[in-house]
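Peer 1: Checked Swiss-Prot, it gives:
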- 206-218: compositional bias 'Basic and acidic residues' (COMPBIAS)
- C96-C106: disulfide bond (DISULFID)
- N100: N-linked glycosylation site (CARBOHYD)
- 206-230: region 'Disordered' (REGION)
- 1-24: signal peptide (SIGNAL)
Amino acid sequence: MASKHNADLSSAAMLAALLLCALGAPVEYEPTDSPAGDFSGEEQEVTPDLLSASPVWDLIIGVTAHHQKEFEDEFQQEVKYRFLNHYKLSSLPADCPSANFSKEACLQRLAEGLHTYMVLFKHVEKEYPSSSILLHARYHSGALIGLIKEKMRNPGQVTVPTSRQEQQLLQDMDNPSTFHRKMTAHNILRQLHNFLRNGKVAIRKREMPKQKRRKDDGIIPPIHPSYQMT
């Protein structure tokens, strides 16, 4: 993958680390060398008691939003981004249903889904070992898992893939075709972006008072014009 956005992604990582320290949030996964770099920008108003208000969401969604640009830079219009629709994975985590699903159940699904993505990241790393998007997505995903579990009544109910399940997941994605493996890796990052955006909407709806929910259907405003996925 192209590395031209490394500086921006490193800035996002440093901002995440500072904000997490300020909020006292645990980091579920912490790499030996965490992403770092200088940062600048306006401060955001944070409401620590609401999971959906955590700045970690916008940081990781902002990072994964760079994926389409990197995909297009790599393939130079020879392969359209929508072509990834042909590389569907049955192992991709499901979103929280819009109705008849409690907040606790939604939190559990999100945490377990992110644990699954942690395994899928190993396939991405195999194909793109120097991917800065992967580096920051993995780091922020670990932080988000910790925040989600803090909000759960029974965080011990969250299941993590066993070694055997992890091996099976990675084996299912293996393919003799280099192109096929790369498309699978790209689709993982693409679907992670969607999973996170949908997850934030789902949690925001469940945290929002019913009166406010009627006025605001839980739509997240764009993080930044340059982060739009088309």
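Positions of Cβ are set from backbone N, Cα and C atoms, glycine also.
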Peer 1: Between C106 (disulfide bond) and the residue listed as 'N-linked glycosylation site', how far is it from one CA atom to the other, in Å?
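Peer 2: Just about 10 Å between their Cα atoms.
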Peer 1: Within 10 angstroms of the C-beta of N100 (N-linked glycosylation site), what count of other C-beta atoms is obtained when all protein chains are considered?
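Peer 2: So the Cβ neighbour count for N100 (N-linked glycosylation site) comes to 6.
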Peer 1: State the count of C-beta atoms found within 10 angstroms of the C-beta of C106 (disulfide bond), not counting that atom itself.
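Peer 2: A count of 19.
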